[in-house]
Amino acid sequence: MTKRAIVLLSGGLDSATVLAMANAAGFETYALSMRYGQRHSSELEAAKRVAAELGAKRHEIIDLDLRRFGGSALTDDALDVPTDGAAGGIPITYVPARNTIMLSLALGWAEAIGGRDLFFGANAVDYSGYPDCRPEYVAAYETLANLATKAGVEGDRFHVHAPIIDMTKAEIILAGVKLGVDYGLTVSCYKADDDGRACGVCDSCRIRRAGFEAAGVPDPTRYQTPN
């Protein structure tokens with residue numbers, strides 16, 4: 001029997017690795033991305049490339065404009081994307097309830113197609129300030145999924161997977177390389193231009209670059225300004 005899984009796919013390094021991991025675990029993968037009002041479209045173009053390259057059975061992009069709410073440097077142009085590293089607490093790049101919103105869409109799609117597994121790229125090491133990237137959040141969402149769905153209450157349980165949650169960026173990169181992930185297809189930058197070139201100075205760029213250095217893997221990232 002075919003095991004189907006929904007994989008949240010942003011187009012970045014982490015979610016690309018998670019898609020490859022779900023494939024390697026024997027799942028027929030369905031990739032889900034969201035056009036939520038992020039600052040650039042290159043992230044979604046990257047998601048399309050990654051989904052195709054890694055052989056997702058289907059890739060859906062959902063429109064849900066979170067810019068109408070604001071509250072994050074990623075959805076509100078009045079807020080600056082930080083370039084000076086983590087300052088403690090919850091970063092301003094946290095998008096209110098984003099993982100909960102996206103997992104709920106994934107849950108609905110999974111139940112509709114008979115899938116019982118959800119994968120997403122939560123990581124508690126590099127982004128420890130995000131409340132929806134913690135192990136307890138993953139466990140709580142799995143409980144919710146099984147309380148809030150027909151399948152769940154009938155005993156056909158859902159499982160929420162966050163396979164990179166305790167991994168460093170270097171460990172994630174090395175795992176992805178072994179699985180054949182082409183990181184040149186991905187975009188992680190918070191301020192990428194329309195061609196997908198990274199700014200090189202935002203927190204996401206700094207963490208990504210340091211990850212490649214620590215892993216001893218050549219960085220395929222295209223930067224707006226040569227470094």
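Positions of Cβ are set from backbone N, Cα and C atoms, glycine also.
Annotated features, as they stand in Swiss-Prot:
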type    : residues                                             : note
BINDING : L9, S10, G11, G12, L13, D14, S15, A16, T17, V18, L19 : ATP binding site
BINDING : C189, C199, C202, C205                               : Zn(2+) binding site
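Looking at L9, C189, the binding-site residues in this record, the fewest other C-beta atoms within 10 angstroms of the C-beta turn up around C189. C189 (Zn(2+) binding site) and S15 (ATP binding site) are 14 Å apart (CA-CA, integer value).
Compute the center of the Cβ atoms of L9, S10, G11, G12, L13, D14, S15, A16, T17, V18, L19, which mark the site for ATP; besides them, the chain residues with Cβ within 8 Å of that center are A47, V50, G121, T186. On a Cα basis, C202 (Zn(2+) binding site) lies 21 Å away from L9 (ATP binding site). Annotation for the binding-site residues L19, C205: lowest Cβ count within 10 Å of the residue's own Cβ, C205.
Using a 10 Å Cβ-Cβ cutoff, C199 (Zn(2+) binding site) registers 17 neighbours. Straight-line distance linking the Cα atoms of T17 (ATP binding site) and C199 (Zn(2+) binding site), rounded to a whole number, equals 22 Å.
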